[in-house]
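What TrEMBL records for HIS213 is active site, proton donor. Marked as AMP binding site by TrEMBL: HIS213, ASN214, ALA215, VAL216, HIS217, ASP254, ASP363, GLN414. Annotation comment: TrEMBL describes HIS217, HIS253, ASP254, ASP363 as Zn(2+) 1 binding site. The annotation Zn(2+) 2 binding site is assigned in TrEMBL to ASP254. The domain 'PDEase' annotation in TrEMBL covers 137-459.
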Amino acid sequence: MEVCYQLPVLPLDRQVPKHVLSRRGAISFSSSSSLFGGPDPRKLSQRRGAISYDSSDQTALYIRMLGDVRVRSQVGFEPGRRGSHPYLNVDFRLLHSRGGSPGPVSARTVRRLLSFQRYHSSRVYQGVPTQNPLHILDDDYTGQAKCMLEKVGSWKFDIFLFDRLTNGNSLISLTFHLINQYGLIQLFQLDTVKLRRFLVMVQEDYRSQNPYHNAVHAADVTQAMYCYMQEPKLAESLTSCDILLSLLAAATHDLDHPGVNQPFLIKTNHHLAALYRNTSVLENHHWRSAVGLLRESSLFSHLPTEDRLNMERQLGSLILATDISRQNEYLCKFRTHLDKEDLCLGNASHRHFLLQMALKCADICNPCRPWELSRKWSEKVTEEFFHQGDIEKKLKLELSPLCDSRMNSVGNIQIGFMTFVVEPLFGAWARFSDTQLSQCMLDHMAQNKARWKGVLQEQLNRRRISEWKRAVWTFMAH
């Protein structure tokens, strides 16, 4: 029971082919279509432009942009040479799986999702008030989600709760709301159906099996980016184009993240590493994937070509700034501007640079959130690190730093991350934007760091007591 919208007729009055109608994101606006007899989203990753690890030919390369497809022959991906890349057919989805197949879906769950799909998709996003006098469960969930969106600028915003209230559609709901709240739909004359379709495809292109780099993380970064754009210095100077690009960059900054880092892709000779010549591999892929979805959804097709290409380039510049390996480069430039006091928000290039810094802060702001939220994110990112370590063990590769579960813990990883990465960045941001929010973030970070130190000390004390008990029992046994 798919919720469908009428698709336009193709040129020359050719009807849309059946195989196109089954493409994930083409018609279905539900991430749970497999529950209703539709195709499993994981098996629909063979859409044009997707990169599939589940296809029968796992070494196949599917790149969204034709510019990327043209370089295949240059980097050695002809069919006859695939055997020279031993790790190209590593199935990351299987390696990340917990084991065991999902259990049967209860009738109650199906009814819950069916009502949500009918009501939420057709009413909420089109702004049509419901005419159904019956009170259904979705009214409660939708009402609570709307109440949360009224406080979307709060630094205590609980994205995990919001994701539950929106039935796992936090990225779609949040981004659509913010774009609409700023009046960008009317200003840029965006087609709401195209916008919704674009956001659905974005959310579905995040891999839900990733503990950390998934659509909820993207929604969290988008909410943080909104908070930073509300800071007085930026709020007074940002143009509508700045705002739209910032929200889209935040929503797509980790699109189709494979759950492993760049060094892993490089040392396994992954095709993305070769494609982008070992430089900002993931960030380039996130950007090109985002541009591919923009073009596939035709969201900006009504804009002049020059404006559309310029927006795509600026989107890439923002996403590429999130490359953590270039942290010192951006931080040194930021500090130089702050020391010289020469940042001019009337200058478009300076505004763009500040948005790059804001997105970098939003991307790694988890240690600056309240403890309960920060702790959840810390556990999730560590889980993903350790998953990569498990993959490296299976492939008999040298374990990457932080990925060895025997040598690391959530606490020591977070303390090191705060000390060497987060504190320098947010200290510089507080120099630029000395506001209540900046002080709140620094306070949370200090408190969280102290709590992780307490956790480590408690673990150390328990280990010492355990060792002391073993020593006593060994002595008494003799």
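We count from 1, first residue shown onward.
Cβ atoms are placed via backbone N, Cα and C, with glycine included.
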Among the AMP-binding set HIS213, ASN214, ALA215, VAL216, HIS217, ASP254, ASP363, GLN414, as the record gives it, the longest Cα-Cα distance in Å: 22
Other same-chain residues whose Cβ falls within 8 Å of the Cβ centroid of HIS217, HIS253, ASP254, ASP363, the recorded Zn(2+) 1 site, in sequence order: HIS213, ALA218, VAL221, ALA250, HIS257, THR322
Cβ packing number for ASN214 (AMP binding site), 10 Å threshold: 21
Confidence summary (mean pLDDT) of the domain 'PDEase' (137-459): 97
Cβ neighbours of ALA215 (AMP binding site) where a neighbour is any other Cβ within 10 Å: 25
Proximal residue to the residue listed as 'active site, proton donor' among binding-site residues ASP254, ASP363, GLN414 (C-alpha distance): ASP254
Between HIS253 (Zn(2+) 1 binding site) and VAL216 (AMP binding site): CA-CA distance (Å): 12
Number of Cβ atoms other than its own within 10 Å, given for the residue listed as 'active site, proton donor': 24
Neighbour count (Cβ, 10 Å) for HIS253 (Zn(2+) 1 binding site): 29
Inter-residue C-alpha distance, ALA215 (AMP binding site) and HIS253 (Zn(2+) 1 binding site) (nearest angstrom): 10
